[in-house]
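Read the structure below first, then the notes.
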């Protein structure tokens, strides 16, 4: 009888499954630096046996982690000399000071309450234990989604205008229509921080996301095996953080500390889930069928299409409008959803049509790939036109694999160069 190998049995029963998950995920995405992704997947695997995620939940979580990893890598590259170091404080976080009545469960409290609590300097909630599982909030007969009563925090028109400008800079809010925007603006509350104050502490529960109005904040995390935090990202005006805990019953993944004096806008979980999250889901559904019809994107899977849809900004134009002007700097790539357009170039002093566009076509890629001024004008030829755009940053991050195919189409313009 063959002698059992305890080490082999241990590897098969405890190590094989999570390693297979890690390898499969890394090979699918092939990140330049795989370490952050490996750590994220391993953290996810901690709860697989007791509280598994559905495929849809995992796709959403991957999308958020993808955005997090991208921003982390980008800011580390830009952060040549590093951000100022801030000592981690053991006192109550600023979030707990501003929101002392946050409970450990989503069901406690009056669901119909439409006012925020007063903001006393309280130590209540200081020692709350973090949630131990990661799972998207689900609703059904066992957990009914309550009627939503919008929170209204009084503010003047100037403050509302400031918040609107900041929200428009964050990808989290680009799915909102005008009414939804107003609800979110009304619900946001002002939070002021002094240098060194902690607004989010790693491991705590989270019930608010924040948008930065002024100042900078350092994001840091203590990785397994380390005792000191590692600085990851610096959030600047227009940046948003804290949304992961609102989408999932997950403890805070990192600590956020004010580098200097900061002004933030805080948004509660209920408003985020009923307005922002629901709008994002509708947006994904709206553009999923459209993306399937874009030939250059037909090889993408559902997760990749959702990631692109999340980054889209919607635009509407009328006949005669010029979407792109020849010679200008290119900052966006456009996909045509409804209507028709044409590309024109100034050739020998005369505007000539060099290409026509129909739904499913794209334009504006030349300036993004070649880093040259716009090569042609794009004008609307139907009574109305709807298009969606990706920024240069989103283009580079999401469409890298199809860049070579796009380059082939740029040859169409070459013969028209003067």
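Using N, Cα and C of the backbone, Cβ positions are placed for all residues, glycine too.
As recorded in TrEMBL:
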{"type": "BINDING", "residues": "243, 252", "note": "3',5'-cyclic AMP 1 binding site"}
{"type": "BINDING", "residues": "365, 374", "note": "3',5'-cyclic AMP 2 binding site"}
{"type": "COMPBIAS", "residues": "101-113", "note": "compositional bias 'Acidic residues'"}
{"type": "DOMAIN", "residues": "172-293", "note": "domain 'Cyclic nucleotide-binding'"}
{"type": "DOMAIN", "residues": "296-416", "note": "domain 'Cyclic nucleotide-binding'"}
{"type": "REGION", "residues": "82-136", "note": "region 'Disordered'"}
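If you draw a 10 Å sphere around the CB of residue 243 (3',5'-cyclic AMP 1 binding site), it holds 22 other CB atoms from the protein chains shown. According to DSSP, residue 365 (3',5'-cyclic AMP 2 binding site) is assigned to a helical segment. For residue 365 (3',5'-cyclic AMP 2 binding site), the number of other Cβ atoms no farther than 10 Å from its own Cβ, over all displayed protein chains, is 23. When each of the binding-site residues 252, 374 is scored by how many other Cβ atoms sit within 10 Å of its Cβ, 374 comes out lowest.
Each residue in the domain 'Cyclic nucleotide-binding' (296-416) has a pLDDT score, and their mean in this model is 83. A separation of roughly 31 Å, to the nearest angstrom, links the Cα atoms of residue 365 (3',5'-cyclic AMP 2 binding site) and residue 243 (3',5'-cyclic AMP 1 binding site). DSSP labels the residues of the domain 'Cyclic nucleotide-binding' (172-293) in these numbers: 41 helix, 40 strand, 41 coil.
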